[in-house]
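Per TrEMBL, the features are:
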{"type": "BINDING", "residues": "ASN109, SER134, GLY135, GLY136, HIS202, ASN203, TYR207, LYS277, ARG304, ARG462, HIS468", "note": "substrate binding site"}
{"type": "DOMAIN", "residues": "195-486", "note": "domain '6-phosphogluconate dehydrogenase C-terminal'"}
{"type": "ACT_SITE", "residues": "LYS199", "note": "active site, proton acceptor"}
{"type": "ACT_SITE", "residues": "GLU206", "note": "active site, proton donor"}
Amino acid sequence: MSYQIAMVGLGVMGKSLALNLVDHGFSVVGFDLSQSHCLRADKEAQELSLNPDKGQFKIAQNLKDLLSCLATPRVIALSVPAGEIVDQVIEQLLQNGLEAQDIVIDTGNSLWTDSERREEVFSGRLRFFSTAVSGGEQGARHGPSLMASGDPVAWKHVEPMWTAIAAKVDANGLSIDSHQSGEACAAYLGPAGAGHYVKMVHNGIEYADMQIICEAYQYMRQVLQMSATEIGEVFTVWNQGALNSYLMEISADILKQHDPRTGNSLVDMILDVAEQKGTGLWTAVNALQMGSPATTIAQAVFARALSANKGRRVKASSILPSVKQTCLEDKTQALKALEDGLYCAKLVTYAQGFDLLKSKSELEGWQLNFSDIAKIWRSGCIIRAAFLQNISAVYEQNSELEHLLFAEDFIEQLSKRVLGWRTCSAQAILSGVAMPAMTSALNYYDALSCSQSPANLLQAQRDYFGAHTYARVDEPSMDKFHLLWESETRLEIKR
């Protein structure tokens, strides 16, 4: 028989995607250099295939065998480590008979610029396509969020499979089983690079969202003197409202988990050193390059870096002066203020992410559909959250919206919550509790809403030591002036 799609790479993500395809009735041929990966995938797939509604699965002996098993045009998905290995596997496929009409899909965690380069390098030799996958192992197996981009002809062949296996939501944006009829969290986003760029920004938002939740946890531990279990119960309640999200849900579950060895809260037995794979860093660096102030995302990256130096932090805690005071106000009121702060900081994080997407889309001419992006993030992915339904609706009503915070619905929410945001941020500072993401979001908000910034002094400083010129408020902004600071007369000249 001719199989519909191949999966090269049967590690955690590749195997999960392959099983998801089989589970939805598609026939899959798989290949991996690891015999154990092949055996594990084959065993699980054969168990699925006992059901006549499921697809068939086969392990290929080599890449030539894999290509011979596929219907034309051949569709090959790659789930291999990002970087040079992707290029090497594609070259090996070409050497084994891959043809110009065949489709190769990179489903790995690639940098978006690599996708653009591959589109150019392999043009005319194959149809290169990319799909960024979010949701981890469980998402890949039972319904991920799929951000596709590249050759539009390839999308016509891939779309039926991707929409079938993607996470699904109902009319209210709530997650449903991926086998049910609903709106698929999969979309074609644009030319090569667009999908992985959107995923990169997704990961940056993920970094910030996680950090903000961790800061709320730290505030409750140090300022409100609450136990991990008590905090978990609060998070469970918050997850029933506007803060409903996957990350809030799992944080509540984590905090209520006890360590089987000691009986203590498990989180208290975990070393406070955060690791990172670098995707948040990619977002922060690109935001700097784009001149798009994604400050909360950047602070989340810095927070992980600071956490990694445990020895220095322990030393600093014993020698640096710090004024600490425990919050004495009503705990219920303090928790409400913190909930408001968490919501506002989360909203600002998404606003910064979408602003970065908007800047990049305009620069590249991608014409990204922000409503579609919010929709495919509603389920399957790590940052899935209830208010993505609101974000998608906002952009559907006004696709040219200048900034997410300018939407009337969010202005209304901010007006109700901004005082609580300021209150918990101020209390954290007075108590010596670091909340870099929460407070950077507030600083961004205040800077954004400041009609008269101190940048006039900054520009004068630049002109003073470097003759970088300045614009005047009483002249057209394109006209530039320089003051002769070193001269006695200090004349102003037009440049």
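Cβ atoms are placed via backbone N, Cα and C, with glycine included.
Heads up, TrEMBL stuff is auto-annotated, nobody curated it.
From a predicted model like this one, the values you see are computed outputs, not experimental measurements.
On the structure: features taken from TrEMBL.
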residue	record	Cβ contacts under 8 Å, 6 or more apart
ASN109	substrate binding site	ALA82, ALA132, LYS199, LYS277, THR279
GLY135	substrate binding site	GLY143, PRO144, SER145, ALA167, GLY380, CYS381, ILE382
HIS202	substrate binding site	ALA132, SER134, MET147, GLY353, TRP377, CYS381, ILE382, ILE383
GLU206	active site, proton donor	LEU247, GLY280, ILE382, ILE383
TYR207	substrate binding site	GLN276, THR279, GLY280, THR283, ILE297, ALA300, VAL301, ARG304
HIS468	substrate binding site	GLN459, ARG462
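Listed recorded positions: LYS199, ARG304; maximum Cβ neighbour count within 10 Å falls on LYS199. Among the record's substrate binders, ASN109, SER134, GLY135, GLY136, HIS202, ASN203, TYR207, LYS277, ARG304, ARG462, HIS468, no two C-alpha atoms are more than 49 Å apart, and one pair sits at exactly that spread. Mean per-residue pLDDT, taken over the domain '6-phosphogluconate dehydrogenase C-terminal' (195-486), amounts to 95. In the three-state DSSP assignment, the secondary structure recorded for LYS199 (active site, proton acceptor) is helix.
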